[in-house]
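Asker: Before anything else, here's the structure in question.
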Amino acid sequence: MGTVNVVNVAAKHKLAWYQKLYFYSIGNGLWITLKHFVKAAFLKGAVTLEFPEKRRKYSSRFRGMHSMKRDEQGRERCTSCFCCMWICPADAIHIEAGLVTPEIQHLHPEDKYAKKFEIDLLRCIFCGLCEEACPKGAIYLDGPAEMAADNREDLILTKERMMEKSGGPILGERK
Ligand code: SF4
Ligand code: SF4
C-alpha cells in the first residue's frame, strides 16, 4: 500500500503571500458570485428553475416516490413485518406495529398492521430495496417524482400519504 508524504503535500500547496490575506479570498468569492449573477441575469445561464412554472425533467430511470398498496378487498397489504425497515441502507423507514383488533379486522389481512409507517425522503436514496424485500407486495416506488417542499415535515412520507398516492382505497397490482 502506498504512503502519502504529508510534508511534500503541504509544501506543494503552500499559499502565496497574497493568498494568506483575507481580501484575496473574499475578492475571489465575490468575483465568482458576480460572474454567476451576470450569467443568470443577462445571458440566460441560470442553473435554477422557476418552479413550479418550470420543472426539471427526471431521468427515465428514476423510480418515483413510494406508494403503499391495498389488496383486492381494500385491505392494507402491509403486515408490519419490518423487512423493508431492516433492509433499508439509509435507515429511512420507521414502522410502529399494531395488533389488529376486531373493529379493524376488515381492513387488515393478518393479526399485525403498521400503526405508523414513515419514510424520510431526506434520507432515502431511492435504491428500491424496500420494494424488493417486501413479501406482501405492499410497497412500490411507482408514485410521482415530485419532491419539492418548503419544510422538512412535507418530506416525511406517512402511510396515509403513500396510500393516497397509490390512488384510492382499492388498488390492483402495479402497472
Ligand atoms: S428506496 Fe432504499 S433508501 Fe429509500 S426507503 Fe426504500 S430501501 Fe430505504
Ligand atoms: S411494507 Fe412490506 S416489508 Fe415493509 S413492513 Fe410492510 S409488509 Fe413488511
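Even glycines carry a Cβ here, placed using N, Cα and C.
Automatic prediction, not curation, is the source of TrEMBL annotations.
Found this in TrEMBL, in case it helps:
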type	residues	note
BINDING	C78, C81, C84, C134	[4Fe-4S] cluster 1 binding site
BINDING	C88, C124, C127, C130	[4Fe-4S] cluster 2 binding site
DOMAIN	69-98	domain '4Fe-4S ferredoxin-type'
DOMAIN	115-144	domain '4Fe-4S ferredoxin-type'
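Show me how these features fit into the shown structure, please.
Answerer: Secondary structure from DSSP puts C81 ([4Fe-4S] cluster 1 binding site) in coil. In sequence order, K112, P135, K136 constitute the residues six or more apart from C81 ([4Fe-4S] cluster 1 binding site) in its chain with CB-CB distances below 8 Å.
According to DSSP, C88 ([4Fe-4S] cluster 2 binding site) is assigned to coil rather than to any helix or strand. Of all the Cβ atoms in the protein chains shown, 20 others lie within 10 Å of the Cβ of C88 ([4Fe-4S] cluster 2 binding site).
Confidence over the domain '4Fe-4S ferredoxin-type' (69-98), given as mean pLDDT on the 0 to 100 scale, stands at 96.
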Asker: Near C84 ([4Fe-4S] cluster 1 binding site), which of the binding-site residues C124, C127, C130 can be found within 10 Å, Cα to Cα?
Answerer: C130
Asker: Within the set C84, C88, C124, C127, which binding-site residues show a CB-to-ligand 2 distance under 6 A?
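Answerer: Close enough to ligand 2 are C84.
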Asker: Taking just the CA atoms, what is the gap between C78 ([4Fe-4S] cluster 1 binding site) and C124 ([4Fe-4S] cluster 2 binding site) in Å?
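Answerer: About 19 Å separate the Cα atoms of these two residues.
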